[in-house]
Amino acid sequence: MGHVTSPSKRYPASFKRAGSILGVSIALAAFSNVAAAGCEYVVTNSWGSGFTAAIRITNSTSSVINGWNVSWQYNSNRVTNLWNANLSGSNPYSASNLSWNGTIQPGQTVEFGFQGVTNSGTVESPTVNGAACTGGTSSSVSSSSVVSSSSSSRSSVSSSSVVSSSSSVVSSSSSSVVSGGQCNWYGTLYPLCVSTTSGWGYENNRSCISPSTCSAQPAPYGIVGGSSSPSSISSSSVRSSSSSSVVPPSSSSSSSVPSSSSSSVSSSSVVSSSSSSVSVPGTGVFRVNTQGNLTKDGQLLPARCGNWFGLEGRHEPSNDADNPSGAPMELYAGNMWWVNNSQGSGRTIQQTMTELKQQGITMLRLPIAPQTLDANDPQGRSPNLKNHQSIRQSNARQALEDFIKLADQNDIQIFIDIHSCSNYVGWRAGRLDARPPYVDANRVGYDFTREEYSCSATNNPSSVTRIHAYDKQKWLANLREIAGLSAKLGVSNLIGIDVFNEPYDYTWAEWKGMVEEAYQAINEVNPNMLIIVEGISANANTQDGTPDTSVPVPHGSTDLNPNWGENLYEAGANPPNIPKDRLLFSPHTYGPSVFVQRQFMDPAQTECAGLEGDEAAQARCRIVINPTVLEQGWEEHFGYLRELGYGILIGEFGGNMDWPGAKSSQADRNAWSHITTNVDQQWQQAAASYFKRKGINACYWSMNPESADTMGWYLTPWDPVTANDMWGQWTGFDPRKTQLLHNMWGL
């Protein structure tokens with residue numbers, strides 16, 4: 001067989017780093033409705049140390065409520081953040097309406113949500129007080145169904161009919177919407193714009209739709225009036241309990257219907273988030289709420305996330321028997337054709353999804369290349385593939401679509417990452433039209449340089465013999481194509497698009513302008529998606545055809561160098577012109593197994609100050625992982641955006657916990673032989689602690705173990721030095737990484 005060398009995800013001289021996520025368990029939790037009728041306190045999720053909850057206010061009178069204020073108090077529980085209301089006090093708490101949700105028509109419901117900690121106690125259900133909490137009737141909870149009702153709307157749900165991945169509450173007001181000043185956009189409520197005359201706008205810190213655009217929809221959609229009428233929702237038409245009440249326009253349930261005061265729901269009509277809904281088939285509303293947290297259909301979306309790669313292309317060795325120096329696009333699956341006397345390991349993608357879900361995963365980042373979208377590209381088809389025939393794809397495009405659909409069936413959310421301009425150029429690109437020389441051009445003893453490939457049609461050096469021309473127009477076309485997959489495949493799990501991986505070669509001004517165009521392109525096709533924006537680097541313009549004219553980029557302290565994709569230092573003062581509830585910042589950050597940064601140097605070795613990478617190795621510099629120093633850099637580079645209310649989802653973090661020992665390259669073992677402690681594991685622990693404390697979500701790189709500088713969550717017998725012939729084989733989960741991730745997620 002042709003031996004396949006592991007694709008090094010990045011040359012160790014590349015500048016990258018990453019983070020982690022504070023996850024929320026999805027256990028189905030019964031709620032308690034106390035307080036006077038008209039107000040409900042609903043526990044929507046709970047885990048060991050915390051919970052999420054909502055307060056729902058139903059107007060059960062015959063008069064319009066203009067403005068509301070409610071209060072509640074705990075014994076030991078405390079609120080840590082709140083969205084869609086103004087919060088005051090500190091146990092007791094008070095919450096009042098925002099400008100857009102203060103008016104409640106008779107028979108209608110509004111809600112706001114919050115997250116809290118139990119402080120070693122149990123999850124409480126306190127009484128809610130306020131003038132709006134009078135009149136009507138309260139709800140009841142049975143042993144196998146969860147139903148709430150008010151005097152103005154009624155619902156009937158049979159036992160065992162609630163199956164939801166995000167909430168345990170189904171309210172009878174699911175078919176009632178707030179009327180006036182809103183647009184029912186194909187089943188989803190948005191505010192009507194005041195000053196925007198056509199298309200979509202952004203006013204009062206929220207997305208809105210112009211009256212002319214809203215009115216152009218076919219019936220029954222359009223501008224929502226003040227009247228109400230009964231509606232009947234058929235079996236399997238309501239997607240999860242997020243449809244149980246009217247939610248904010250920017251995060252409303254896609255299963256809301258224009259207006260009603262009563263509804264009938266059959267025994268199978270409340271289903272998981274992967275089911276169909278009244279909205280456009282295959283779509284789900286993904287938003288970032290005012291607290292910077294991810295939501296789906298108005299409910300908090302747990303983001304226990306990992307990377308699963310391969311479809312973006314790998315690097316084959318120059319002596320491969322079938323595909324020398326090729327770049328096949330094939331998801332790693334732990335089942336290579338030559339294993340077990342060519343019978344394969346038996347592992348399937350479904351098996352891996354099942355195992356990942358059992359470990360807590362709710363979300364996956366899926367890297368691709370532009371060529372992945374081409375079903376006819378030979379690098380996505382046999383005979384250039386290595387997976388066992390039992391799981392082998394027909395082509396890379398089909399594999400992409402099949403993976404998305406299978407993840408949807410497993411209630412795993414997906415976001416697609418355009419990982420490079422070319423499956424051959426790979427991680428090196430840094431820009432759409434990247435040209436060599438690349439960062440690994442002079443790497444000693446390395447078989448996988450790609451100096452003969454360029455993504456630019458012009459101004460290439462003499463080393464280039466193969467051009468995969470890529471530019472902004474092709475990129476925007478790819479974004480539109482990906483945005484259309486939700487409708488094409490009939491799925492509701494495509495969160496958004498990570499528009500380009502590690503754009504380290506742009507200045508912030510350049511990258512900001514590009515992502516604004518990316519937003520417009522995506523939004524034209526799919527207004528339900530998020531736009532996921534990575535950071536830049538500390539320098540720009542090295543891959544633009546002028547490698548000697550690198551431009552320094554502001555990133556805060558020069559002693560704290562950002563990795564590729566980490567630098568969002570300028571984003572707070574000069575953010576992209578993208579609605580805040582559609583924008584998700586996604587920096588990358590890594591420890592020493594990927595690149596030894598200057599901030600890792602032992603301050604006791606003054607001769608090592610400012611050194612990094614190979615220079616630090618040659619000087620035999622010691623590595624000291626100081627969380628205080630690391631956090632200063634993270635705060636400058638992206639952490640401060642959390643306090644500004646932006647959503648942050650770290651796109652990549654992770655590493656080889658045994659570096660520079662087991663599983664490391666021979667070059668790293670030689671260069672860093674004086675390092676005998678678990679410095680990369682220490683770095684990962686510091687990162688996980690920081691992100692958990694900040695409430696920042698993150699995606700671990702990677703689930704599969706074929707990344708040469710990080711390995712994976714899955715263990716492998718492969719070792720590039722002692723067991724190179726075991727490449728592509730998986731065993732169980734690395735218990736150290738399991739503990740790291742479970743601690744970070746609160747599991």
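Yeah, the Cβs are placed from backbone N, Cα and C, and that goes for glycine too.
Marked as signal peptide by Swiss-Prot on the basis of experimental evidence: 1-37.
Among the features that Swiss-Prot reports, domain 'CBM2' is placed at 38-136, with the record citing sequence analysis. Confidence over the domain 'CBM2' (38-136), given as mean pLDDT on the 0 to 100 scale, stands at 87.
Under DSSP, C39 (disulfide bond) is assigned to a strand (E or B) in the three-state scheme. Swiss-Prot lists C39-C133 (among others) with the feature disulfide bond.
For 182-211, the entry in Swiss-Prot reads domain 'CBM10', with the evidence type sequence analysis.
Among the features that Swiss-Prot reports, disulfide bond is placed at C183-C214 (among others), with the record citing similarity to another entry. Summarising the environment of C183 (disulfide bond), the number of other Cβ atoms within 10 Å of its Cβ, over all protein chains shown, is 24.
The secondary structure of C193 (disulfide bond), as reduced to three states from DSSP, is coil rather than helix or strand. Annotation comment: Swiss-Prot describes C193-C208 (among others) as disulfide bond.
Under the heading region 'Disordered', Swiss-Prot lists 226-283.
The annotation compositional bias 'Low complexity' is assigned in Swiss-Prot to 227-281.
Among the features that Swiss-Prot reports, region 'Catalytic' is placed at 280-747.
Swiss-Prot lists E502 with the feature active site, proton donor, giving similarity to another entry as the kind of evidence. For the recorded site, E502 (active site, proton donor), the DSSP three-state label reads coil. Around the Cβ of E502 (active site, proton donor), a 10 Å sphere holds 29 further Cβ atoms from the protein chains shown.
According to Swiss-Prot, the active site, nucleophile annotation covers E652, on the basis of similarity to another entry. All protein chains included, E652 (active site, nucleophile) registers 36 other Cβ atoms within 10 Å of its own Cβ.
Taking Cβ-Cβ distances under 8 Å and a sequence gap of 6 or more within the same chain, the neighbours of C39 (disulfide bond) are I55, R56, I57, T58, V70, V128, N129, G130, A132, C133. Taking only the Cα positions, the spacing between C183 (disulfide bond) and E652 (active site, nucleophile) is 37 angstrom. C214 (disulfide bond) and C193 (disulfide bond) are 10 Å apart (CA-CA, integer value).
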